[in-house]
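What Swiss-Prot says about this one:
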ACT_SITE  His348  active site, proton acceptor
BINDING   11-14, Lys25, Gln78, 83-84, 106-108, Gly143, Glu157, Asn172, Asn229, Arg318, Lys336, Tyr351, Asn362  UDP-N-acetyl-alpha-D-glucosamine binding site
BINDING   Asp108, Asn229  Mg(2+) binding site
BINDING   Ala365, Asn371, Tyr372, Ser390, Ser408, Arg425  acetyl-CoA binding site
REGION    1-231  region 'Pyrophosphorylase'
REGION    232-252  region 'Linker'
REGION    253-454  region 'N-acetyltransferase'
Amino acid sequence: MDRATVSLIVLAAGQGTRMNSDLPKVLHPLGAAPMLHHALRAGQSLEPERVVVVAGHGAEAVAKAARAFDESIEVVVQAEQLGTAHAVAQAAPLLADAPGEAVVLYGDTPFIRPETLERMLDLRSRHAVVVLGFEATDPGRYGRLVTRGEELDRIVEWKDATDEERTISLCNSGVICAEAGLLLALVSEVGNANAAGEYYLTDVVALARVRGLSAGVAICDEAETLGVNTRAQLAEAEAEFQKRARAAALEDGVTLTAPDTVFFALDTFLGRDAIVGPNVVFGPGVTVESGAEIRAFCHLEGCHISRGATVGPFARLRPGAELAEDVHVGNFVEIKNAVLDEGVKVGHLTYLGDAHVGEHTNIGAGTVTCNYDGVMKHRTEIGAHAFIGSDTMLVAPVTVGARAMTASGSVITENVPAEALALGRARQVTKPGMATRLMEMFRAAKAAKKKEAP
């Protein structure tokens, strides 16, 4: 099937009152990304020609998050939440002439797999409407899928189901696909004569059957249909996401020495033969190339780590950190918006921000790039093969040339030419015997205070 003819409709209008939050439900973070992004990512696998997000509660924030994922996404607003069919109908003006298929997803159902959506589209060759269903361990209040042989006869919401229909374990996920024009036509015929007075998207199946059209069911694992309506379900979803991410990393040839203690983001990329130690947290935007090692208790976000580099333990890489091949970043080092060229060593207790460090330079313990003047950030440039002595303060903007050195304890406020040695500290003064005399003075003063005390 030509995937260019797929249109995606993502329903994201719900307020999520049970979340007890000012944040729209679909924007709660899951794997360090808005829950909405998970649904969009699954749908993106179909290479849709158009994507329409139906927003409602917090529409402006939802639209911003959707366009942060893909600027081409179109957003419509469902001012009143009158049901799922009503929500899909809001997309009709944008998709009235859309060719090909329409697939409806939900912003609060983050685990639908791309291969599941592919199977749904494959079933479209046999059925006019295809619904995604699952065998529920505890059917509860899910809508039931009533089938006749291999065909789907209708979907019955729990509130409207008979006692016999409630015994059915095949349940509705809400995900549906059909030819775009047909889906919108069926949606326009949906009424609200039901217990909730809502316009149910599920009614399109019965309406299709009235037209003599066939409906079918694609069945997926129940875990894919996990919806998030409460904080407890959000925690459950986070656990499921991390479980999947860890399994995928191991399958892709990554070593996780303590998998259950490593936490991934939605877009984390780890190359084959990368090694990740225990208690590592990946925030958004992290790429770790093949053969790199992240040691225990590191926190990384928005960074790129090249082959052969080692990070940690106890290191923090922030957005804009770029580590070239064979860079070593040791314990209690923080790097932000800084590029470290090949072979740079930053062993411990250092902050490098808004900086560029040339190849094979050594950064001594306690070095700080003083990049902020209270109003603006300034850059530090350090050349190749330089040696920055321990406890050096580099007051930006400042440049240290190639093969230059700074003496330990220096405060560098002026540029250092290539191959020069810079000393920016007071000269040491040594006074023989003064330590003993000072201690005697201090003890005498302390004794005098004790005598004066009442």
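Glycine too: its Cβ is placed from the backbone N, Cα and C atoms.
Among the binding-site residues listed here, namely Gly83, Glu157, Asn229, Asn229 has its C-alpha nearest to that of Tyr372 (acetyl-CoA binding site). Put simply, the two farthest-apart Cα atoms among Ala365, Asn371, Tyr372, Ser390, Ser408, Arg425, the recorded binders of acetyl-CoA, are 22 Å from each other.
Within 10 Å (C-alpha to C-alpha) of Ala365 (acetyl-CoA binding site) lies none of the binding-site residues Leu11, Gly83, Asp108, Glu157, Asn229, Arg318.
The most densely surrounded of the binding-site residues Asn229, Asn362, Asn371, Ser390, Ser408 is Asn371 (count of other Cβ atoms within 10 A of its Cβ). Annotation: Gly107 carries the greatest number of neighbouring Cβ atoms among the binding-site residues Gly83, Gly107 [cut-off 10 Å, Cβ to Cβ]. Asn229 (Mg(2+) binding site) sits 56 Å from Ser408 (acetyl-CoA binding site), taking the Cα positions as reference. This prediction places the mean pLDDT of the region 'Linker' (232-252) at 98. Candidate binding-site residues: Leu11, Ala365. Fewest other C-beta atoms within 10 angstroms, Ala365.
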